[in-house]
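Student: So that we are looking at the same thing, I have put the structure below in structure tokens.
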Amino acid sequence: MWWDERVSARFRRNLQPTLTYWSVFFSFGLCIAFLGPTLLDLRCQTQSSLSQITWVFFSQQFCLLLGSCLGGVFKRTLAQSLFALFASSLAISVVFAIIPLCHNVVVLAVVMAVAGLAMGCIDTISNMQLVKIYQKDSAIFLQALHFFVGFGALLSPLIADPFLSDTNCILSNSTANASSNLPHIRKSLVPHHPGNLSHYDLPMKGMVVTRVSYAFWIMALINLPVPIAVFFLLYKERMVPCFSSSSHPLLSADELAMETRPPEKDDLSTSTQRPPAAGGHDDLFSCCQSKNFRGASYTYFAVHITGALVLFMTDGIVGEYSGFIYSYAVEEPLSVVHKVAGYLPSLFWGFITLGRLISIPVSYRMKPATMVFINVVGVLITFLLLLIFSYSVVFLFLGTASLGLFLSSTFPSMLAYTEDILQYRGCATTVLVTGAGIGEMLLQLLVGSIIHDQGSYSFLVCGMIFGGLAFTFYAFLLFFHRMYPKPSADLDDASPDKPAVTDDTGQYQR
């Protein structure tokens, strides 16, 4: 195997929870990418205008950010985390099942807001729990976790595609004129940004003809095993009230060996392996309490801030590039055929998924800091080349694939690196997840307004600037890492700078 026996043994001891968190992130990916291609059929279902239906994008994205901020609230205990994941993954299946019943755009926006909250909780809690279990070995497992996001994001549009309407799905007198515009409009409705569609006139009244309901029901069934897997983990941990008992689960072989150690060694191991009472990974609001700042050095805050800013830029690039690459390609000077340009967002997400798969074995051999450096430098060089060869359609496709590869592992590598700097005592996971979500939402709005005012060429210029800022913030993070105080026994127990003792046994802590 390409990892050593120690990591392999830790993975075997935590096999069920690890697979469960990976499967929950599959739900996240399944839910994040279906909205773009199905939005026109949902417009027909709700008989709303294009400007009205695009608010559904905002409701999902805003509540995803809110759920990411609040996700840490449910991380107080393992039971709370698992119940939150169970409720969130079940909510996603319920959302898929009831979307076909939403015949009002406001109701649909509320339903997608619930889905956004569930996705935000999944994002924060799954990252936190994997970091807690594996700590210094978490990089490889975080890479696998984010691979499942990409896998789900690729699968949901494929499920929806056979059920999408080929012509306008509201039959009226103007259907013939509107149908010719439908393929172009559908390609403009990517998961992250609806584009400027005000000049398209589609009928709002008439007979609704759409089969997209079947796609949502299929996705609801595909997602159903995920909450079941979380329930089984709850059952195994004796956390289901109606199935819990006073007797403890049987000890595993490793736990039994620990129990039968000589008393003096057992006392020592207990003192070193007991998790600290005041651990990190709180929710965003708890992280901002003044009691957490007592005794913290300025580098403690600097690491959090610079790490979040790197992901603010890189995740913002993911959102704005996937949202506007189609619009950029069909405009001058490239003027790519609409059908060909429609493959660019899929190519981008496909190489993000491929990159995350490749990063799983690579992350074991390479330090997270090195991977993040390669990522940000690769993004910067790719945008530079895209600017130089801005008249080449071939290089646009090559650059899109390259950008997807370099951006693919940035988030999990950055999370592992920052948590390692802080010795798993800060609020890095919550702050980084929140920073990434804010960047993905705000940079899309910023780039959209700039393109509207300055033209399509500004799309690549913005990407180059964001890439340069990401590299700059990463350089500051490296500087603050060197300045960050090393682990010392003299630090006060309540200080955020005091390192947490790693549980070398890798046991799944309650």
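Even glycines carry a Cβ here, placed using N, Cα and C.
As listed in TrEMBL for this protein:
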type     : residues : note
TRANSMEM : 21-40    : transmembrane segment
TRANSMEM : 52-74    : transmembrane segment
TRANSMEM : 81-99    : transmembrane segment
TRANSMEM : 105-126  : transmembrane segment
TRANSMEM : 138-159  : transmembrane segment
TRANSMEM : 214-235  : transmembrane segment
TRANSMEM : 300-328  : transmembrane segment
TRANSMEM : 340-358  : transmembrane segment
TRANSMEM : 370-389  : transmembrane segment
TRANSMEM : 395-417  : transmembrane segment
TRANSMEM : 429-451  : transmembrane segment
TRANSMEM : 457-480  : transmembrane segment
REGION   : 490-510  : region 'Disordered'
Student: Please give the sequence-distant neighbours of the transmembrane segment (138-159): residues at least 6 beyond its ends with Cβ less than 8 Å from one of its Cβ atoms.
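Tutor: That would be 3, 7, 11, 18, 21-23, 25-34, 36-37, 126-127, 130-131, 191, 215, 218-219, 222, 346, 349-350, 352-353, 356-357, 359-364, 368, 371, 408-409, 411-413, 415-417, 419.
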Student: What else in the chain is close to the transmembrane segment (395-417), if you only count residues 6 or more beyond its ends and a Cβ gap under 8 Å?
Tutor: 127, 131, 138-139, 142-143, 145-146, 150, 307, 310-311, 314-315, 317-318, 321, 325, 329, 334, 336, 344, 347-356, 358-359, 362-363, 367-369, 371-372, 374-376, 378-379, 382-383, 385-386, 389, 428-429, 432, 436
Student: Between the transmembrane segment (214-235) and the transmembrane segment (81-99), do 3 or more CB pairs sit under 8 angstroms, pairs being 6 or more residues apart?
Tutor: yes
Student: Which residues of the same chain, at least 6 past either end of the transmembrane segment (214-235), have a Cβ under 8 Å from a Cβ in it?
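Tutor: Residues 16-17, 19-20, 23-24, 26-27, 30, 34, 38, 79, 82-83, 85-86, 89-90, 92-94, 96-97, 99-100, 155-156, 159-160, 162-164, 243.
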